[in-house]
Amino acid sequence: MLCCMRRTKQVEKNEDGDQKIDQDGNKPEDKAHKAATKIQASFRGHIIRKKMKDDKKDDNSEEAVENHKGEAKDEAATTENKTPKTEEPTADGPLEVKKEAISSPAEDKKQEPSSEKPKDTPSEENQASAESESTTKGSTENSPGVDASQAKEESKKADVPEATQDAASEKEQEKAESSQEDVKKDEVEEIKASESAQQDEAVSEEAKPDQENA
């Protein structure tokens, strides 16, 4: 019995040793596999995070564009809402005109009885109309004279510079003529002097042979 127990114990010890060896042999591979899986997982997570960030940026840009478009639409709507407000006074204009038209007949009716009571008012109105006609006639009669006087003054003003220009041109012509006359006089005097000198030379030459003959 003891021999059997010893043998069985030895067999169990050997089995435990084999299991330990198997566990030790599998551990490095398992570690390498786990490390590789961790690296792959971290790399995938990094890539996924980048994609998520890019998607968020795109979403933000699209949201910004949409917000800008919405703001532009809101501004256009506000401007459209503002423009009718400016036109509201013009819409009220006809109502005010109607009110004035309604009030004016009442005022005319009030004024008619007062005009019927005094009998001397038509004569005063006739006098006023006659005075106004006379004033208008006088103004119309005086206006042509005023226009004629203004036209004469303007023509005089227009003639004054022309006269000054004519006087200046005449003076220039006189100066030019006087200078030409002076030049002509100088030329005549020079010609006379040259002729007299030639005559003197001729007389002196004629006198020389006479002296020699004498």
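Glycine is no exception: its Cβ is also placed from the backbone N, Cα and C atoms.
Here Swiss-Prot flags 1-214 as region 'Disordered'.
The annotation S-palmitoyl cysteine is assigned in Swiss-Prot to CYS3 (among others) on the grounds of similarity to another entry.
What Swiss-Prot lists as S-palmitoyl cysteine is CYS4 (among others), and the listing cites similarity to another entry.
According to Swiss-Prot, the compositional bias 'Basic and acidic residues' annotation covers 9-33 (among others).
According to Swiss-Prot, the feature domain 'IQ' maps to 32-61. Sorting the domain 'IQ' (32-61) by DSSP state (H, G, I as helix; E, B as strand; all else coil) yields 30 helix, 0 strand, 0 coil.
The compositional bias 'Basic and acidic residues' annotation in Swiss-Prot covers 52-88 (among others).
Residues or ranges marked as compositional bias 'Basic and acidic residues' in Swiss-Prot: 95-122 (among others).
If you look up Swiss-Prot, you'll see 124-133 marked as compositional bias 'Low complexity'.
Look at Swiss-Prot and you will find 150-160 (among others) tagged as compositional bias 'Basic and acidic residues'.
As annotated by Swiss-Prot, compositional bias 'Basic and acidic residues' applies to 168-193 (among others).
Per Swiss-Prot, the feature compositional bias 'Basic and acidic residues' maps to 205-214 (among others).
According to DSSP, the compositional bias 'Basic and acidic residues' (168-193) comprises 26 helix, 0 strand, 0 coil.
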